[in-house]
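Residues or ranges marked as DNA-binding region by Swiss-Prot on the basis of sequence analysis: 89-146. The compositional bias 'Basic residues' feature in Swiss-Prot is assigned to 87-98. Residues or ranges marked as region 'Disordered' in Swiss-Prot: 1-21, 84-103, 139-162.
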Amino acid sequence: MDYSENVQNKNFTPISQPPNLTRDQEHAIMVSTLRQVISNTGGDTSSSHYIAASEALPPSDAGPCPLCGVTSCYGCAFPQHEEIKQEKKHKGVRKKPSGKWSAEIWDPSTRTRRWLGTFPTAEMAADAYDEAAAALVEKRSARRGSKKGEGSIHQEVGGGDD
């Protein structure tokens with residue numbers, strides 16, 4: 001029996017292992033490769049996908065990433081990471097699948113979430129949350145009453161009988 005196929009060739013050089021990529025990074029590479037195939041661009045079709053993907057990634061000895069500070073970070077080079085960085089986070093505000101923004105606030109007196117509405121922008125939803133939070137603070141301070149010598153948070157200006 002000939003077992004020559006199990007013997008390694010002395011001229012064989014092993015291919016270096018690909019870097020550990022996250023699922024999002026692999027997905028981005030596959031999508032860009034498919035776009036190149038569908039649009040019939042991308043140059044030489046005989047080159048391996050790993051080589052094409054590794055050219056899109058920054059070199060591993062590039063130093064720490066300016067966004068996250070991790071050495072040899074591959075995630076910050078992808079657009080999904082940049083989009084996440086650009087979004088501001090507002091308390092009580094979340095983005096719905098439809099692209100609109102919803103706002104809600106926890107009402108401790110009724111122990112329920114109070115729906116504030118759906119808004120076209122995150123800033124409008126945050127403003128609605130801020131107004132509702134201010135109303136809750138007013139309600140709480142009015143319920144507690146002001147102590148002797150202390151004024152309320154929102155003092156009335158003028159219009160009083162002297």
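Including glycine, each Cβ sits where the backbone N, Cα and C put it.
Since we're looking at a predicted model, the values are computed, not measured.
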Could you please provide the mean pLDDT value for the DNA-binding region (89-146)?
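Averaging the confidence scores along the DNA-binding region (89-146) gives 90.
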How many of the residues that make up the compositional bias 'Basic residues' (87-98) does DSSP mark as helix, as strand and as coil?
0 helix, 3 strand, 9 coil
